Every structure is written in C-alpha cells, then in structure tokens.
Amino acid sequence: MWSVVELCFEKLRSQANQIPWLILFPQENQTNNNNSCVLFVPQDKNNLYKTRDLGAEFTRSYCLASYGSWLLMFGHFQNLYIINPLTLERIDLPKYSSLSKEDIIRQPCLACLWVDNITKKYLVVWILHDGVVHTRKGDGWWRRTASVGHAEQIFYNCKYHKVYIATDFSWRVFVWDFADDIPRIAMGSKRKTPPGILLLRRIRGRNWSPKTFRYAILLITFIAYACYHASRKPSSIVKSVLHPEPSTKPPPPQEHINKYPWPLGDVFVKEESHVLSHRKGWEPFNGKGGTSRLGEIDVAFLACYSLGMYVAGHLGDTLDLRLFLTWGMIGSGFFVGLFGMGYFWNVHAFWFFLVMQMAAGLFQATGWPSVVAVVGNWFGTRKRGLIMGIWNAHTSVGNICGSLIAAGVLEYGWGWSFIAPGFVMSLGGVLVYLFLAAYPEDVGFPGINSNSGKFIKRRRNIEVDEVEESIEEDVEEGLGSGSGPGYENKTGVGLLQACMIPGVIPFALCLFFSKLVAYTFLYWLPFYLSQSTIGGEYMSVKSAGNLSTLFDVGGIVGGILAGYISDKFKARATTAATFMYAAIPAMLTVNILLMMVAGLFVNGPYALITTAVSADLGTHKSLQGDSRALATVTAIIDGTGSAGAALGPLLTGFLSTLGWQAVFYMLVVGALCAGLLLTRLVIAEIREKLGYVDEVPASEPLLNDGR
C-alpha cells in the first residue's frame with residue numbers, strides 16, 4: 001500500500017510542474033478586425049493553434065481544470081461548462097448556485113476533468129471549501145461525495161476510474177472509485193457496491209438517503225442473524241424424537257383424546273401416551289446414554305462456535321464484512337442441512353452428527369461479530385442501547401421461527417427439521433450478498449465516525465441537519481471531515497489489546513454465565529416440556545416446540561426493555577446485573593407466565609451485553625479513534641459467553657439424569673454468578689450517579705452531548 005501512496009504523490013507533484021495553457025485573445029477595441037485567438041496547447045508544445053474568438057464570456061470565466069483539449073470553466077453568471085477551444089464544442093453543466101466567482105477566487109478550488117472525445121461522456125470532480133462534489137453525463141445536479149479538509153492536489157486516473165486527492169502536505173491520499181454510479185472510498189479496499197443495490201439504483205436512477213440505507217441495514221442484519229438462530233433450533237426440537245423417554249402411563253380412552261384437545265386446540269395438543277411409549281428414537285441417541293450424547297453434540301457445536309468467535313472477530317475487522325457474512329451463512333446452512341440428510345441416508349454413526357455440528361459451529365461464528373460491526377459502521381452512539389435492544393430481537397425472532405419451522409415439518413421426518421432452516425439460512429446469505437452495504441463508503445457516503453458524526457443534506461443553499469430528509473434535490477451529499485475510518489485503512493487490534501479495554505473482561509465473564517442460562521433454555525426447554533407432565537398430561541413434541549417460543553417472546557420484551565433502561569440511566573452494568581438477579585425467582589417455579597418472565601430477565605442482559613455494551617467497548621476512547629475493534633471486542637465478549645453456552649447444555653445432559661430440579665438449581669447459580677461479576681462496575685456506576693468521579697464506569701455511551 002505504501003508504494004501506491006508514493007506513486008500517487010509522485011503523480012501529484014508532477015502535476016504542479018505542468019506547462020499551462022496559453023490563450024492570446026484579440027484586443028478589445030472597435031477598430032480591431034481580428035476575431036481569432038492564438039492557443040498554446042500543453043500536449044503539443046511545438047505548434048501554435050489559431051481558432052475563432054472564444055468570446056467575452058470565456059474571458060470572464062475562471063478555468064478550474066483541463067483534460068486534453070477540454071477546459072472546465074466557471075462562468076461570470078455562476079454557470080459551469082466544458083469547452084474545447086480547438087473545436088469550440090461546449091457542454092453545459094448543472095448550475096452550482098451556492099458559490100460565486102468571488103468565492104472561488106478568494107478560496108481557490110481544485111477540480112479534475114475527464115471527457116471521452118467520442119461519446120462525450122464526462123466526469124467533473126470539484127473540491128470546494130466545504131466538500132467534494134461531482135457530476136457526470138446524464139446528471140441534472142451536483143452530487144456531494146464527502147469532505148476531505150484542505151486539499152492541495154487532485155488528479156483523475158481514467159484507466160482505473162479513480163480520483164486521488166492529497167491534503168495539507170501531510171502525505172495523506174484519499175482515493176475514490178468512480179467506476180460505479182456512486183463513488184466509494186477505494187484506498188486500501190477492494191470492496192464493491194453490492195450488486196443488488198447497483199441494479200436497484202440503475203432502475204431508480206439515483207441514490208437513496210443515508211436514512212434509507214440505515215433502515216435497510218437494520219432490516220438485512222436483523223434477517224441475517226434471525227436466520228443464524230433459526231438454524232440452531234432444530235436440534236432442540238428433535239431431541240424428543242431422537243431420544244424418546246417411554247411413558248409408563250396406560251393409554252387413555254380414545255374418545256377422551258379426540259374430544260378434548262389440550263390446552264389450545266390444534267396449536268398445543270397433548271401427547272397420546274400409547275404413541276409415546278412406542279417411539280423408537282434414532283440410533284445412536286436412543287440408548288441408555290442418549291441424553292449425554294445429545295449434550296455432547298450440543299457442546300461440540302458451541303465449543304467450535306466459541307473458538308471460531310475469536311478468529312471470526314479478527315477476520316471481520318480485516319475482510320469485507322459482506323462477503324465474510326455471505327459465505328458464513330451459506331456454509332452454515334449447508335452443514336445444518338447435511339445433519340438432516342443423515343435421516344434420509346439412514347446414518348447412525350455418532351461421528352457423522354458430531355462432525356456436522358462442529359463444522360456448523362465454526363461457520364455460525366461468522367455471524368455475530370459481523371452483524372454488530374456492520375450496524376456499528378452505520379450508527380452513532382446516541383440511544384445505542386434502545387436501537388440495539390429493538391434490533392437484537394432478531395435472536396428471539398430467529399428462535400421462534402426456527403422452532404415453528406422445525407416443529408411444522410417434523411411430521412414428515414426429523415431430517416426436514418434441519419433441511420428447511422438450512423435452506424432458509426442459505427437464502428439469507430444470498431440476500432446479504434446482493435443487498436448488504438457493510439460500510440457507508442460502499443454506497444458513496446462517508447463513515448459515520450467522521451468528526452461531523454452525521455450525514456448532512458444540502459438543499460439549494462439551505463443546510464438541514466437531518467438524516468430524515470430524502471435526497472431529491474440538486475445535491476446529494478454525506479459530509480464528514482475525512483478523518484474517520486472510512487478515509488484511511490482500518491486497522492484491527494489484537495486480542496490482548498482488546499482485552500485491556502476497561503470493562504471487556506467483566507462483561508465477558510458475566511455473559512459466560514448469562515449465556516449458560518439462556519442456551520440451556522434454548523437447547524433443552526422443548527425436550528423438558530415434552531418429557532414432563534403438565535396438568536397430568538404429556539405434551540406432544542410439536543406442541544412442546546410451539547410452547548417453548550413463549551420464552552423467546554419474553555426475550556424480545558427483555559432486550560428492548562434492558563436497552564431502554566440502560567440508555568435512560570446510562571448504566572449498562574447496573575441494568576444487566578439487576579435483570580440477572582430478577583431472573584432467579586422466575587426460574588424457581590415453572591409455569592407459562594413465569595416462563596415468559598424468565599425469558600425477559602434472562603435475555604435482557606444477554607441482548608444488552610452482546611449489542612450495546614460490545615459496541616460501546618469496541619469504540620472505546622482508549623483506542624484514541626484510530627483503531628476500530630468492534631468485531632474483535634464483540635468476538636471476545638460473545639466468544640467467552642459462548643463457552644458458557646457450550647457448558648450449560650452439556651451439564652444439563654448429565655444433571656437431567658438426576659432430575660430436572662438439579663438443572664434449575666444450576667441455572668439459579670449461573671444467574672447469581674452473572675450478577676455478582678458486575679458488582680465492581682455497578683458500584684462504579686452508582687458512585688458516579690451520586691457525584692463521585694474518582695472512578696469511571698467501564699461502559700457508557702461515548703458521546704452524551706446530544707448525539
């Protein structure tokens with residue numbers, strides 16, 4: 001990359017020594033009959049050219065740039081045009097009414113010009129005192145690209161369609177790629193605008209506003225991670241089919257079963273005991289150690305997921321997040337589907353299911369660091385907890401959808417319970433590839449972390465500091481300072497450096513126990529419901545899967561509520577600890593209402609830590625604004641949490657043989673430990689609220705001055 005920078009500056013320096021155009025105009029008097037101009041063209045140093053008088057308008061115009069025999073002129077009446085003095089061909093450009101000629105002369109503006117002599121296609125890039133604008137053939141307005149500070153030189157490489165801008169003699173080069181309709185930051189990146197966005201933009205004829213892209217980012221990442229969680233649910237749904245526990249209850253009268261479906265008609269139906277007693281299961285999970293083997297494949301998945309998190313986080317900070325997420329989703333869907341193919345291939349080898357789960361776990365690790373980093377690239381820190389609390393409902397929505405899909409196709413064979421979510425997962429990967437703009441720079445906007453911290457919409461001399469305005473006027477722009485991460489090489493941080501960020505370790509350990517509790521419910525709640533009597537009746541496998549979604553319904557409310565409270569009081573640790581303590585009494589007694597309450601209190605801090613807290617710490621002030629560690633910090637926190645997620649289902653597989661009461665005692669201890677681990681941070685936050693400033697909370701919104 002350094003050689004590229006050197007070549008850029010060598011080119012820029014050489015431009016400073018170029019021989020200028022020389023145009024000799026006729027004398028301005030009534031008796032002079034000379035109506036021609038004499039031209040000295042830099043590209044042809046051995047000849048002088050004589051052409052017709054270019055007129056009074058030309059003499060009063062200011063030349064901004066040249067390309068070959070074409071000149072870019074700023075007219076006396078604030079009109080811009082391109083003219084060829086040799087052929088007198090002229091191309092009028094959109095008027096830029098916010099600048100006068102005096103403004104240009106007082107603050108000399110740089111520009112570059114390119115014209116195709118055959119097709120007359122052109123590109124004009126103009127550096128003004130408040131940013132960079134451009135227009136090309138077919139545009140009826142000037143599009144604002146970004147701000148680069150005080151620029152010194154500019155040139156256009158027509159071969160690669162790139163514009164190079166040097167600023168402040170500081171050896172900084174900004175590079176924009178103009179190969180697509182909307183320019184994007186190109187220095188140090190081979191990223192391209194997603195093909196789906198390119199297609200829709202060509203159909204629409206213009207770009208969308210930053211607000212529209214933000215909505216799209218939230219929606220696409222929501223769908224993407226919901227697919228991740230949906231593909232994790234099948235194993236919990238089919239546990240009762242793979243390892244049925246025969247009932248010793250005698251079959252009830254047939255007419256009782258048909259006449260009184262329990263408890264909600266066709267949605268929740270009780271299990272017929274004579275059917276339950278004759279289910280054979282699926283070898284190798286139907287033997288004496290069946291529950292232990294089910295726990296082992298769960299821990300194999302989650303262990304690989306946890307280990308993969310640390311690698312995926314670092315890769316997410318260095319690779320194109322769109323492609324990284326795409327291949328992660330397609331690969332994960334492929335191996336989830338292969339697990340289900342074991343049913344159709346009549347596979348009974350334990351190692352096959354173990355390997356499929358391990359491979360799926362590795363690919364699943366690509367999801368969370370990537371989606372958090374993408375959202376962090378587009379959003380500031382204002383109300384981050386609430387935004388991400390709502391957005392993090394994808395976890396519970398994915399669990400609900402995964403449960404319903406897997407339970408819905410279970411009657412056709414348990415293999416379909418894996419194949420259907422795996423196929424949906426792969427379709428989600430295609431959606432990400434086509435439409436996910438992982439960085440604002442990919443669609444022509446500056447990074448959100450520029451000094452301005454927001455996108456600005458300019459409309460006919462009026463600046464409106466709103467994201468809400470759609471781009472329908474003469475200028476489309478994203479205003480930044482050029483000092484944000486979008487304008488320079490993003491440098492990831494190492495795992496050790498990320499661990500040293502204050503608050504990372506306590507929150508990571510808290511998430512260890514929080515996910516231990518949450519994932520125990522995720523993987524074993526349907527099995528528990530189908531194997532336990534409720535109201536003296538056994539529930540069918542399908543009904544157990546449907547009823548288990550109530551835990552995730554509570555989780556949706558909990559994630560939003562925790563995010564709102566943490567934003568309201570600016571106390572992430574206190575909110576998380578309070579929720580974990582409140583989850584303890586809800587888990588001691590199991591019924592439908594308390595199952596929702598438990599989901600609320602368990603998933604609340606889980607959602608808060610994996611989203612808002614991770615994003616806060618990944619942009620911590622100790623990084624001094626130069627390095628971004630969103631994906632790395634997210635990977636450390638969620639990777640540590642995933643180790644607890646692996647341990648919880650594994651312990652459940654063994655403790656369930658002693659009785660389910662032992663499992664719930666384990667969950668209570670886990671929730672208690674999660675709350676206690678945040679004690680120091682809770683004390684620090686309380687002291688700060690009381691006016692003590694000797695200790696600063698480890699995690700807080702970074703910008704509290706109205707952003």
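Just so it is clear, glycine is given a Cβ too, placed from its N, Cα and C backbone atoms.
Between the listed ranges 71-90, 151-170, 171-190, 391-410, TrEMBL ties the annotation transmembrane segment to 391-410.
Confidence annotation: the domain 'Major facilitator superfamily (MFS) profile' (219-687) carries a mean pLDDT of 76 in the model. Between the transmembrane segment (545-566) and the transmembrane segment (294-312), the number of CB pairs under 8 angstroms, six or more residues apart, is fewer than three, so the stretches are not in contact.
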